[in-house]
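S.K.: Pulled these features from TrEMBL for this protein:
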- 90-282: domain 'ABC transmembrane type-1' (DOMAIN)
- 30-53: transmembrane segment (TRANSMEM)
- 94-115: transmembrane segment (TRANSMEM)
- 127-147: transmembrane segment (TRANSMEM)
- 159-181: transmembrane segment (TRANSMEM)
- 202-224: transmembrane segment (TRANSMEM)
- 261-282: transmembrane segment (TRANSMEM)
Amino acid sequence: MTQVLDRPVELKTPASPAERTARRKALLEWIAIHSLGIAAALFFTLPFVFVFLTSLMSDDQALSRDLIPHTWEWANYRKVFDTPGFLTWWKNTLIYAGAGTVLVVLSSIPVAYALAKFRFRGRNLSLMLVISTMMLPPQVVVIPMYLFWAKQLDLSGTLWPLIIPLAFGDAFSIFLLRQFLMTIPNEYLDAAKVDGCGDLRTLLKVVLPMAKPGIAAVALFQFFNAWNDYFGPQIYASENPAAWTLSYGLESFKGAHHTDWNLTMAATVLVMAPVIVVFFFAQKAFVEGVTLTGVKG
C-alpha cells in the first residue's frame, strides 16, 4: 500500500525593498569593478598587441597607418635571429639573469632567516643597516664600483662585475624574504628542535618548504631586474659586443635598423616574451609571496 506523506508547502517570502536595493547595489558594484578591470587590462595589453602586429608586417606596411598585417611576415623573426650577435646577447642575458637569480636566492635566504627567527644582540640594528642600503641611489656608487671592477680587477668588458656582487645578497631580497619568514609560526621551529633538528636542518626541512611563495617572489623580482637591466651592461660591457645583453644589444639593433620598424618590433617581442611567459606560469606564487610579506612586520 502506498503511503502519501503530506509536506507543508514552503512559500518564498518576497524580498523586501531594502534587500532588493542591496542586491541591485551589489550587482552594480560587481559590474563596475569588472568593467574597470577589463578596461585596465585592455589599456595595458594594447601596446603589446600593437608591437606584435607590427612585427609581422612588411617593411613598407610597418611605416603606414595600418594596424593589421596584410600578410603575416613570420620571416621577420628569422631575420632577427640571423642578425650577428643576437643569439649571443640572448645567451648572455640568460646567464646573467639565471646565475644572478640563483646567487641572490642562495645568499639572501640565510640572512633573512637569521633576521627573522634568531634572537641576538644587534638584530634590529642589522636590519636597519640592510634597509638603509636600499635608500642609497645606485648612481652614487657607480664610479667607485667601476674603478674597483674595471681598474683593480680588470673585469671590464664582461658581465662578472654584475654577477659576482649578487653572491653577497641583495638588500631588497633579504628584506622581502625576512618579512615572509616572519609569517611562519615559531611553533614549527620549536617542534623541529624537539625532534632534534639543528638550525640548518630546520631551515632546509621546515622553513624552505613553507617559504616557497616568498622565494618565488624574490626569484622573479631578481630575474626580471637582470633581464631588463640596461644600465649595468652599459657601464661594464659596452666595449665588448660579445658580452652585451638583450636590453643593451636592442639599442644597437634599433640603430642598425632605424627604418625597419617591423624588425625592431620583432626583436622587442623576443626580448619581452620570456618575461611574460615566466610571469604567466609563476604569477600565483609571485602574488602570494608578495601579499604575505606584508602580514607581519
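Using N, Cα and C of the backbone, Cβ positions are placed for all residues, glycine too.
Small disclaimer: the values here were computed from a predicted structure and weren't measured.
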S.K.: Establish whether the number of Cβ pairs under 8 Å between the transmembrane segment (30-53) and the transmembrane segment (159-181) reaches at least three, counting only pairs separated by 6 or more residues.
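M.R.: No, the stretches stay apart by this measure.
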S.K.: With pairs restricted to those 6 or more apart in sequence, evaluate whether the transmembrane segment (94-115) and the transmembrane segment (202-224) have 3+ C-beta pairs under 8 Å.
M.R.: yes
